[in-house]
Amino acid sequence: MEVFQTMVNTLVKSGRTRQAYDLYLLLKGKGRHPNAVILDMLVFALAEIGEVDIAYSLLKELRSRLGYLRPEIFNAVVKAYALQKRFDDVANVIHDMENDGVQYSVVTYNTLIDMLGKCGNLSEAMQLYRGMREGGINPDVFTFTTMIDVLGRANLAEEAYELFKEMKLLGVKPNVITFNALFKILGKSGHIHGIISLVDEMAEHGISPDAFTFSSLIDSLGRASRITEAKGLFERIKSKTGAIDVVTYTALIKALNRGGDFISSVSYFNEMRACGYPPNLVAYSTIIDGLAKAGRLEEAYSYFLEMEQLGCFPNVIIYNTLIHNYAKAGKGDFVEQLMEGLQAKGLCPDPYTYCGLIDGYGKSGNLEKAQQVFRCLKQQSSPCLTVAVCNSMLAALLRESHIDEALELFYSMPDYDCEPNIRTFTLISSPVKKTGRLADIHKITELQKLLCKR
């Protein structure tokens, strides 16, 4: 049996767990009973590779032989089931633990708290945490980080920060994941001073920050129109931690675009390059999008040409941005040039391309061009003829008060396999009501009721 034990051990350590299990089955098939050490090894190894049902069956076999198992082996199976979100199976293993009188370890508590948090069971997660403390089990950094994340999911930023302070009082040192969880929560709730304080604290503890997290924070501030704070946080991070990269710069540029500060967005884009961070596809897409939407089309197009020259080839999203905004500016010839360029590069126009094209032409008063694009899609039975594209055409027609044509399109949408959605009804209802067309108003109302029932 020692020879087999050595073989199983070697196979497991070399990552050949399935072969180790096959060897175990071979032994059993010959009427040999592998010892507890082999079973123990296999439970851990199988749980680790996600073969948790087999691991659990071996755990049960081990229980029947020994009568009592240490917490670690239960924890391995509990964690594996939790990772697969098989919470009923987690409950079964926990039931076995409790029946055997096995005490929860910190790993058990951590796994269960994490599982409950992801299921949205905040009160049960808190209850487990308190039970852990009362039972004399000291929480570790994973416990606190998980609980902070759980509180964040429930938008309890102040409670999460209080727990962070409790963690430090107990002498548990936070790690970068703990700080990341807090940054996410505080950014979401707008606790800017708390974020700045944490940035300083990270620097004092010598903890290497995560640039992606800071990017998310800056992006959150931008979405909340807190552009000054986003800019201030960026500068603070840059001076205190140096955790700045192309992703962080891009997040700030996006925030500045939202705030209409295009001078600063261009300035930071140039600074990014000067600091040795070559712009990537997302960075170029961000600066082009901001400038194009602001009507600064020549600047946007210059970055488009620059990225091509540097071998960073535009994707369909960048083309869509330029096509929409050039169409909106009434630059029909240039739009056609962009469409040809898109297809010459092997890129396929998508529904957003045609939405942008029709919407842009419509907003520039070039309804005939918008209708021409839409007719081509109909004639080709294009898969790009979606409800969103129909809505763009509908909006363009209604903008010019072409009620008859708008109604004709609305009623024919099912012929294109395009079922009207809430936006469709929002677009068509008010203009038709203003015309007093009672039959159409009644029909639209009935169709809308049918949509709401689904």
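Every residue gets a Cβ built from N, Cα and C, even glycine.
If you check TrEMBL, you get these features:
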- 105-139: repeat 'PPR' (REPEAT)
- 140-174: repeat 'PPR' (REPEAT)
- 175-209: repeat 'PPR' (REPEAT)
- 210-240: repeat 'PPR' (REPEAT)
- 245-279: repeat 'PPR' (REPEAT)
- 280-314: repeat 'PPR' (REPEAT)
- 315-349: repeat 'PPR' (REPEAT)
- 350-384: repeat 'PPR' (REPEAT)
- 386-420: repeat 'PPR' (REPEAT)
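Away from its own ends, the repeat 'PPR' (105-139) comes close to residues 71-72, 74-75, 78-79, 82, 85, 87, 90, 94, 97, 146-147, 149-151, 153-154, 156, 167, 170, 172 of its chain (Cβ-Cβ under 8 Å, at least six residues beyond either end). With DSSP classes pooled into helix, strand and coil, the tally for the repeat 'PPR' (140-174) is 26 helix, 0 strand, 9 coil. When averaged over the repeat 'PPR' (105-139), pLDDT in the model lands at 84.
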